[in-house]
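Scroll down for the structure; my scribbles are underneath it.
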């Protein structure tokens, strides 16, 4: 009996040892298209998330994104200060997440110095992505800028293939073709660019893909921060960086002049409506940021970039229907249709991948 008891204890210790020695790569490799044990709570969220929940978050993200795009158009029509607008968005996001923290919606994790530095670097990546985008627009035509930006999904796939050894089905690759080509057709126009402009624009595309993938990894990798906490830690740093750049870019006098013009009668109504107009934009940006991070976490970085191309096509259609900004030709119309068809195909492929992951 004594010997059997000892053997049983040794067996239990061996099992415990195996559980504790589970490779951290199983936790870190959430983006790899590999089978993960059901007992692991860090299983790949893209294929573990119920389709209905993923659809709800994608719809929410897409709706808020379109709404903020339209709202920003009105804001920048009166206040031509994009960096101050970014500062407003990140400042309200910082305050919003602080309120959520005080209300107990999330608890801050204990981070090491290295992890704090990683988040600091992420905030720089966030701000640099905006800076590269603005710089690109000053060096190339809008049509050329948009057609290069449409390749972000391709660079996202490349990053996963090279750095994370993630595999995709052939159907996924094929579904990206109409999405990228169609988005390019939507923006067909005068392609004016220089070699410097091309290099800067490509650099901006790579940064955009890296930012999207990094956002996903910070929430699903070894750090595994909740979306609200990631936004809480990143927003103040990004707000400070955006404000400094706004000062350097000379946006403060521009903003002051615009405020004087809007409130020149000095009435309480004019001042109140202007403040509420700006505050409403910041609040919508906060809601979008939360939705964006959560959608990225649940649906994956590639799906987010595909949504970006779909948003571009629908924004074009909306701009024609609502704002009358430009006229549409046959090529643009075919491009919109191609993007919509490609996104439908991509959605089916992702749904099939989820079903296969569930069965294996």
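A Cβ is built for glycine as well, from the same backbone N, Cα and C atoms used for every other residue.
Residues annotated as compositional bias 'Basic and acidic residues' in TrEMBL: 1-11.
Marked as domain 'Sugar phosphate transporter' by TrEMBL: 55-347.
Residues annotated as region 'Disordered' in TrEMBL: 1-33.
Annotation comment: TrEMBL describes 55-75 (among others) as transmembrane segment.
Sequence annotations record features per position, and here TrEMBL assigns transmembrane segment to 81-101 (among others). Long-range contacts of the transmembrane segment (81-101) within the same chain, counting only residues at least 6 positions beyond its ends with a Cβ under 8 Å from a Cβ of the stretch, are 72, 75, 107-108, 127, 130, 134, 228-229, 231-232, 235-236, 238-239, 242-243, 245-246, 249, 251-252, 254-255, 258, 278-279, 281-283, 285-286, 289-290.
What TrEMBL records for 113-132 (among others) is transmembrane segment.
Sequence annotations record features per position, and here TrEMBL assigns transmembrane segment to 138-160 (among others).
What TrEMBL lists as transmembrane segment is 167-185 (among others). Among residues of the same chain six or more beyond the transmembrane segment (167-185), those with a C-beta under 8 A of the stretch's C-beta atoms are 33, 146-147, 150-151, 153-154, 157, 160-161, 306, 309-310, 312-313, 331-332, 334-343, 345-346, 349-350, 352-353.
Here TrEMBL flags 191-210 (among others) as transmembrane segment. A Cβ distance under 8 Å defines the sequence-distant neighbours of the transmembrane segment (191-210), meaning residues of its chain 6+ beyond its ends; these are 125, 128-129, 132-133, 135-136, 139-141, 143-145, 147-149, 151-152, 155-156, 158-159, 305.
Summarising the annotation, TrEMBL assigns transmembrane segment to 230-249 (among others).
The transmembrane segment annotation in TrEMBL covers 269-291 (among others).
Positions annotated as transmembrane segment by TrEMBL: 298-320 (among others). Same-chain residues lying 6 or more positions outside the transmembrane segment (298-320) and placing a CB less than 8 Å from one of its CB atoms are 31, 45-46, 49, 53-54, 57-58, 61-62, 65-66, 69-70, 146, 150, 152-153, 156-157, 160, 176, 179-180, 182-183, 186-187, 208-209, 212-213, 215-216, 292, 326-328, 332, 335-336, 339-340, 343, 346, 350.
If you look up TrEMBL, you'll see 326-346 (among others) marked as transmembrane segment.
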Kindly state the mean pLDDT of the domain 'Sugar phosphate transporter' (55-347) in the predicted structure.
85
Report yes or no: does the transmembrane segment (230-249) come within contact of the transmembrane segment (113-132), defined as 3 or more CB pairs under 8 Å with a sequence separation of 6 or more?
yes
With pairs fewer than 6 apart in sequence excluded, do the transmembrane segment (113-132) and the transmembrane segment (269-291) have three or more C-beta pairs that lie under 8 Å?
no
